[in-house]
Amino acid sequence: MSSTAPEDVARPLLALPAIEAFDAIVRGRRSVRSYADVQVPRRTVRDVLELAARAPSNSNVQPWHTYVLTGRHKRALTDSVLRYYDTIGRTVREFDYQPGPDGWEEPYKERRESFGEGLYGRALGLSLADVDDREFYHRRNYDFFAAPVGLIVTVARNPRLSALIDAGAYIQTILLSARSRGLSTCAQASFLDFHPAVRECLAIPTHRTIVCGISLGYEDAQHPIASNATTREPVDRHVTFLWDDDD
């Protein structure tokens, strides 16, 4: 096997500035939970979602359907979910998308707890005893953290596993497309916990499964919660390399 490649093969597909720009977009994407009171142009939202539809999809079935909410429509969803939250008082999940608080195994349990401590403890200065304040910030999930735009992403119910894989690629493309335009986002599984309220408010048909909500807007970098930051494991912790000896 030749150790050299033709120039047209070895040359990067993207010019270096484009590579640097893409890397900056990926590294700059964060789950933002504080938003400025600044509207996002409709054209920008449409552009983000139009680009997201270029995400890979098994057999090109494109199983996603997204609801875009602003103004009174977003407020109506927030009111509906919080009313359900206050009345039912417990989560009602459509499917078991993740374990309960005590069902996580290591190392995921430790990572999850570290995230919670960073968010509530270091960023907001709250202890486990600050029940009311922690509850206040948890409820902000259902107002999309005051973002001007809220998205609810759904996929076809069948075949659900395939559709959920497609949804992951679609959602990530939304997040990166938004970031490239100076917008911030937060993908939120919390809306799944009260899916009956979401489904009823938006008249989501039964053949669709709710995947997540997404907050979309411009970050309020002055809010204390904006200081929260997460880390990632080094590549050798999550990748097994099986290099060929000739590579």
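Heads up, the Cβ atoms here are built off N, Cα and C, so glycines get one too.
Pulled from Swiss-Prot, these are the features on record:
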type	residues	note
BINDING	ARG29, ARG30, SER31, VAL32, ARG33, ARG232	FMN binding site
BINDING	SER59, ARG112, TYR120, LEU126	NADP(+) binding site
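The structure, with features from Swiss-Prot marked on it.
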{"residue": "ARG29", "record": "FMN binding site", "DSSP class": "coil"}
{"residue": "SER59", "record": "NADP(+) binding site", "DSSP class": "helix"}
{"residue": "ARG112", "record": "NADP(+) binding site", "DSSP class": "helix"}
{"residue": "TYR120", "record": "NADP(+) binding site", "DSSP class": "helix"}
{"residue": "LEU126", "record": "NADP(+) binding site", "DSSP class": "coil"}
{"residue": "ARG232", "record": "FMN binding site", "DSSP class": "coil"}
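Farthest C-alpha pair in the FMN-binding residues ARG29, ARG30, SER31, VAL32, ARG33, ARG232: 19 Å apart. Of the listed binding-site residues, namely ARG29, ARG30, ARG33, ARG112, ARG232, the sparsest Cβ surroundings within 10 Å are found at ARG232. Listed in sequence order, the residues of the same chain lying 6 or more apart from TYR120 (NADP(+) binding site) and placing their CB within less than 8 Å of its CB are LEU126, ASP130, ARG134, TYR137. For VAL32 (FMN binding site), the same-chain residues lying six or more positions away in sequence with a CB closer than 8 A to its CB are PHE145, SER184, THR185, CYS186, SER215, GLU219, ALA226. For ARG33 (FMN binding site) paired with SER59 (NADP(+) binding site), the C-alpha to C-alpha distance reads 35 Å. For the NADP(+) site, whose annotated binding residues are SER59, ARG112, TYR120, LEU126, the maximal Cα to Cα separation is 47 Å.
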